[in-house]
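Engineer: Questions regarding the structure given below will be posed in turn.
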Ligand SMILES: Nc1ncnc2c1ncn2[C@@H]1O[C@H](COP(=O)(O)OP(=O)(O)OP(=O)(O)O)[C@@H](O)[C@H]1O
């Protein structure tokens, strides 16, 4: 820099740590599908045009004399560069620093971890939309020149994808070239020179960006048209640009015109996905309100499904103008549904804030929610296997609707599929159809792990009677089951809480007679056993009872009749919101261990009886996946009892 230079000096900035890490992965990992970079840049350019069009509703002067919003792609074989430019909203100096130096979204750390672990991260890149940074997969140097709409100055951002980037004011030539919007020059890596090929560029645009609403113009190769001249000059020569996308709003087209592959393509370009949609819903509403809807349910998982914001991401357009993806057009329990809603009636200048309380939006939301549920029902009936994959991916999210939207409960319970002691993919309709004689309730157990649930002693008596039990392992299950809902008049009943009485249900043919299943010598004095155990356990439990649910195991813990289910209590405890209610210890009065306790107690061996009582409690805790309160004392007790038993 010399004294005579009046430009602002070059300023070096470091990348935010996450960006540096992400870029390191981009630069060094070998991804098979590098094509996504172009989709990401085009999508950013399109967003920039959308934003300008939106801002220009209030400030038409921003469009000035350049109202044809366009995205341009210019390969230059001589220079080895591919340039992606738009005349959209542009970025000022601070925006360049903030937007192209940090990652604002949550969940980024987790994503970077996943990316580092995955062999081929392109699927993840697509899902996450690492956006601009994807360009470093194909370029070893990037220059971004940008001028915010209405601004006097243009700025240049430069980086090699290493530690940081530089910012400086654009020189006269660049500033003159970028009158508004953004120009991104990619200096392609040696192995990425295929992206200079017009056919290749066209193919990628077709595959991923065809629906983009602004014309994408492919300009003639600046390097080839006039190889003798410097690239900058050559570019200004008048080679005719060619539009390479259809630029039509797919959702506005008639269903009959569209083929399945058109929908797949629309899904990939609108939702930034690679997979096939598991469900597509395309319809138009005319009448009091008119709007077009094109929605997709992805077949793969989504990285941000459990983001705390739990936002739905449907894009709201008004008469083809993009407004926002933050209009809550679907409830958060349908946030995995992606796509577009294009309204004919909403005012174009509706502010994003106004959308929150708009009755038309509320009516659309209600109607769209109903349509999505109906379509899911149809899928469940007509294509049960495909529906099963949808439920597997997103069932845990849909079930949130059970407590968030009471009026949709019936529909959601109708869709729900469960793993139960009778198999997987069970619907409640199947459950109810297969009720055992005199069975009046739908039984369930909530836990974290399906195998552990299957081994839970609380299932024993149900199993002996052939009663099906739903095994619920999603965190959300502990919450909705606490609502005590019913399905077709049958209430849900936890096997981990309160009394269960199966006595009216006959034993299954396959069950061994219950009395034979244990080695107890004789019937124990239940009252005496209960008194002895209560004495030994004190306030560790709220009550001690003879169990109806156990046939093989000695003891189990259940919640009292009114408190939260054992699982919900555990969940609440994690958030320090536990009810503090103590569980009930249930004893299998026919079990040998309980028999032994009865004998020790009758013989006046209070210490031995107390040891056995504590052991029963600790066993029950372990079977519920908990640690005994005092593991060391538990180990000593076990030792003592074993040694005593062996010595006898
Ligand atoms: N061509 C552009 N014109 C104006 N702003 C841009 C342009 N490209 C990127 N930006 C700005 O930089 C930000 C970061 O872009 P990036 O592609 O990394 O993420 P994103 O677009 O926000 O997220 P996603 O890629 O998931 O949609 C954008 O949000 C936008 O504000």
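Along the chain as shown, residues are numbered 1 onward.
Cβ coordinates are placed from backbone N, Cα and C, and glycine is handled just like the others.
The region 'A' annotation in TrEMBL covers 1-352. Annotation comment: TrEMBL describes 33-192 as domain 'Histidine kinase/HSP90-like ATPase'. Residues annotated as ATP binding site in TrEMBL: 40, 44, 86, 91, 99, 106-107, 127-132, 182, 352. The region 'C' annotation in TrEMBL covers 571-648.
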Engineer: Who sits close to residue 352 (ATP binding site): which same-chain residues at least 6 apart have their Cβ under 8 Å from its Cβ?
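Structural biologist: Long-range Cβ contacts: 323, 324, 326, 327.
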Engineer: Out of 40, 86, which of these binding-site residues shows the lowest number of other CB atoms within 10 Å of its CB?
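Structural biologist: Among the binding-site residues 40, 86, the sparsest Cβ neighbourhood within 10 Å belongs to 40.
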Engineer: Going by DSSP, is residue 86 (ATP binding site) part of a helix, a strand, or coil?
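Structural biologist: The residue in question, residue 86 (ATP binding site), is strand (DSSP, three-state).
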Engineer: For the region 'C' (571-648), provide the mean pLDDT of the predicted model.
Structural biologist: 89
Engineer: Under DSSP, the region 'C' (571-648) has how many residues in helix, strand and coil?
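Structural biologist: Across the region 'C' (571-648), DSSP assigns the residues as follows: 50 helix, 4 strand, 24 coil.
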Engineer: Does anything in the same chain, at least 6 positions from residue 99 (ATP binding site), have a Cβ under 8 Å from its Cβ, and if so what?
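Structural biologist: Listed in sequence order: 91, 132.
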Engineer: Taking DSSP as the reference, which of helix, strand or coil describes residue 352 (ATP binding site)?
Structural biologist: helix
Engineer: What is the Cβ neighbour count of residue 132 (ATP binding site) at a 10 Å cut-off, with all protein chains included?
Structural biologist: 19
